[in-house]
Amino acid sequence: MGGPRRMSSALLLPFALLSLPPVIAFNATAYREEVESSLRLVHAVATGATGALCVTHRYGRLRAPLHAARWDTARARADLAANMLHQLGLENAEVLTAVSQSLVMGASAAERAVGARAIVLQPDGIIEGSIAWERYGTGEPIAVPAPPRDNPPDPEYPWYVSAYQTEELRSSKFMPSPPGAAMGGWWTYPYYSCESERWLLSYTAPVSKIRGLSGVVSLDIDISNLEINQCEAENDEENDNQIYSFHGTHKCPNETTFCIYKPNREMNARHAGWARGSYICKCRPGYYSLQHPEGYNGSLVEVAFQEYEEGGLENWSEPYECLKCQPGCDTCKGPKPCLAKYNWPFRISLLVISVSCAGLTICLTFYTRHHRRVKVIRVASPVFLSITLLGCAIMYMEMAAIFPVLDRYSCIATKWTRHMGFCITYTALLMKTWRVSLTYRVKSAHKLKLTDKQLLQWMAPILLIMLVYLGTWTLSSPPDAEVITDDNGLKFKQCTYNWWDHSLAIGEILFLLWGVRVCYSVRHAESLYNEARLISIAIYNIFSVNSFMITMHLLILPHAGPDTKYLLGFVRTQLSTSITVLLVFFPKVFRVIRGTGDTWEGRAHARGVPPSSSLNGIGLVADEAPDLYQENEELKEEVQKLAAQIEFMKIVQMEMHNRHLRPRPGSYFSQALPLSPVHANTNVQEVSEWGGPV
């Protein structure tokens, strides 16, 4: 049985040429047309319209190759049978019968064929002898009529090609062999047998010439259990029960739909998978169909495409295309919008107000700088007033950062304007209040002086920490915009909130609590122009507004729309920033406009507080060279006080040692005073009546 076999050149030439690469380049259009022709044949068989086919022909061949590796066991049995006939000879009818019968025997379906035949040919191609077998189910094989003797084999047989009856160098009946395949024969293309009414695949192995005779051994495999999947298949190994040639031949409009394979279970179980259009055209994400929400039937799509090919019907795919969803919809079931609408006129009006407030704040900074020598502004430290106004202007600009549809850059601007503006404003106010707290708690006679330079040195580390935190946040994990939904399920973008936000929020809350504690500790402190009390009220207001807005965002209105959130941001900015500006700067501006900015409060003046220092630390403490104007003012007040004291002592001494003056009743000298040594003999009655020296 070993050793190479030599085949008849006349018979085997077409078989040998099958394994050679094609000379002409592969024509994709022709191949596509052949596959479409095969699909029409499958549709005719599936619908029972085989009259024309089975009347004029006995076989309907597909031009759709498939993977035949699953039947390698049966193929090996056919190769073995051809080798045995080569070794034992073709003249013995018993050997021919036994070998051909063994092809339809087998323990498993992969080994067992449903039909087999062995044919002995004369040198001129006439049949010398033949025998054929068929087997149904698990029954015993039975002999069936074989090709008649003394005639050449019918050229319509799918499993036979005669070198005398074809001029083709490569037979179109057989599939190309896989590269590197060790096969003695070739597989046919799938075909439909009208006689047996099933889909078959045949393997033909030639027998080389022995003593003037040659032969052919062929077996048939029932492939009616295969499936025709016209959808795309990413992995052919997982779909080995499908004919790969039909993958991707669906007619779904690829722009709006995609193909989902759906086996046809309504047909005969033997032909359940052999049907054209066994798929559904499902709408792609972002598209919808009101009439067919579950998808379009592939059979109807195939019929429409066939009408288009036969009659040139235009826009054939329009009824099977899905409509595009509204912008922002990943999936939808209708034309309902998915994106929340922005009320741009409303947002522009709020933005104009915020930008105007920021502009007024900048103007107020220059106004404060211009009137820095006015007492009402000078004692409140123009440097810290300017810093406070700068922080307020930055906080106002947050409304410009959150105005457009948010993206990464607008979210970065939002975080910087919100937190940096808050840190600058709140720290400036808190430093001034902290100075009041320190001076208010001093118990010694020596007055504690805290200059603006010292307060700026304390303020710098706080601002530096905020700068480093925001810079690290921006560089390492910049905040981005995420899509959220409102109460109506409409989507819009909001800046992400993660542990960076939570950590900073916790730090700001602790900072606010510390400021509230400092304000509470100086609640009884007195200051010029009621400065400490107004700043404390501003800090209380900032803490209350931020706490309330956090509650609004997290608990009361967690799914508010974009315009509502923009309105909440505007309200928070106005309630915290605008009220701070009004509390701290409106009384000062009002005094300057009325012309009373250089007038000291009556309470401070009555207690003799010098203009260089307020009652409890809020006041002007020169950080630079002494101001001559300031020194003159202080010198005048000190001279006036000294002159008043000298005059008072002069009067006291004159009346105490002048016996010629009689004190007025009820005056300071009407009270009992020590007697002069000159009047040692004066009686008690006179002293009690007059009550003072003369």
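Cβ atoms are placed via backbone N, Cα and C, with glycine included.
If you look up TrEMBL, you'll see 625-652 marked as coiled coil.
Averaged over the domain 'G-protein coupled receptors family 3 profile' (346-593), the predicted model reaches a pLDDT of 87. As annotated by TrEMBL, domain 'G-protein coupled receptors family 3 profile' applies to 346-593.
The signal peptide feature in TrEMBL is assigned to 1-25.
Feature annotation from TrEMBL assigns transmembrane segment to 344-367 (among others). Tertiary proximity for the transmembrane segment (344-367) is limited to same-chain residues at least six positions away from its ends with a CB under 8 Å from its CB atoms, namely 386, 389-390, 392-393, 396-397, 399-400, 403, 563, 566-567, 570, 573-574, 577-578, 581, 585, 589.
Look at TrEMBL and you will find 379-396 (among others) tagged as transmembrane segment.
Look at TrEMBL and you will find 416-434 (among others) tagged as transmembrane segment. Packing against the transmembrane segment (416-434) from elsewhere in the chain are residues 380-381, 384, 387-388, 390-398, 401, 455, 458-459, 462-463, 466-467, 470, 474, 504, 508, 511-512, 514-515, 518-519, 522, 531-532, 535-536, 538-539, 542, 577, 580, 584, 618: each is 6 or more residues past its ends and has a CB under 8 Å from a CB in it.
The transmembrane segment annotation in TrEMBL covers 455-476 (among others).
Packing against the transmembrane segment (496-516) from elsewhere in the chain are residues 411, 415, 419, 422, 426, 429-430, 433, 469, 473, 477, 479-482, 539-540, 542-543, 546, 550: each is 6 or more residues past its ends and has a CB under 8 Å from a CB in it. Taken from TrEMBL, the feature transmembrane segment applies to 496-516 (among others).
The transmembrane segment annotation in TrEMBL covers 537-560 (among others).
Annotation source TrEMBL lists transmembrane segment at 566-586 (among others).
Highest Cβ contact count with the transmembrane segment (537-560) among the listed stretches 379-396, 455-476, 566-586 falls to 566-586 (criterion: pairs under 8 Å).
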